[in-house]
Amino acid sequence: MQGKLIVFEGTDGSGKSTQFRMLCERMEREGRPFRRLIFPQYQEPSSALLKMYLNGEFGSHPSDVNPYAASTFYAVDRYASWKKVWGDYYRGGGLVLSDRYTTSNAVHQASKLPEAEWEGFFRWLFDFECGKLGLPLPDLVVYLDMPTEQAVRLLRSREASTHTKGDIHEVDTGYLALCRKTALRAADCLGWVKIPCVDGAGALRSTEDIHRDIWAVAARILG
């Protein structure tokens, strides 16, 4: 019996991890069984190549590694997780919540290509991971849409408060803007549910308000 997979996606600085945590906490409060995933798995050996990539060992700009090569780094990490951590649970009918998934490569890697090639890349990516490798397709992808200007401010604030520097994706503002454009195309092509992180006046919405929207969508999958 196949399980269900709900994925959270968003460009860096969108508040995705916060919203993922809030949904997990609500599931726990309500006594709903589920398995939690966060990609990449930086603590696992399967993430070795993607860590080298993100740390700039193959080049200081994301475009220094072509999107097909970079996507395989992440795919190997997800495949290892599927085989070791959650595949049996999912096949037994379990519910899985994931912070990032194949969807992240659709956002970050397709943006390296000319816009006319984006949709072809989406098809290749999901055929590779979900067709060839056998990973499950998500039942729901929640895309948190944060305008780039606000996302950059939030990222810089986070760096200042944690005294850390972002990876090669996070420090490139132009790349973040392009990723948002790519993500919106992916959302339209692949049927993701878009949740706006700002209101009609451009002001940031509260985390609680955004969570209410997410819960309304997730509840339809959870039953």
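Placement of Cβ uses the backbone N, Cα and C atoms for every residue, glycine included.
Automatic, uncurated: that is what TrEMBL annotation is.
Summarising the annotation, TrEMBL assigns domain 'Thymidylate kinase-like' to 8-180.
Per TrEMBL, the feature ATP binding site maps to Gly10, Thr11, Asp12, Gly13, Ser14, Gly15, Lys16, Ser17. Under the three-state DSSP scheme, Asp12 (ATP binding site) falls in the coil class.
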Take the mean position of the Cβ atoms of Gly10, Thr11, Asp12, Gly13, Ser14, Gly15, Lys16, Ser17, the recorded ATP site. Which other residues of that chain put their Cβ within 8 Å of it?
Leu144, Met146, Ala151
Same-chain residues six or more away whose CB lies under 8 A from the CB of Lys16 (ATP binding site)?
Phe8, Glu9, Gly10, Asp99, Arg100, Leu144
At a 10 A cut-off on CB-CB distances, which of the binding-site residues Ser14, Ser17 has the highest count?
Ser14
Provide the number of Cβ atoms within 10 Å of the Cβ of Gly15 (ATP binding site), excluding the reference atom itself.
20
Close in space but at least six residues away in sequence, with Cβ under 8 Å from that of Thr11 (ATP binding site), the same-chain residues are Val107, Met146, Thr148, Ala151, Leu176, Cys179, Arg180, Ala183
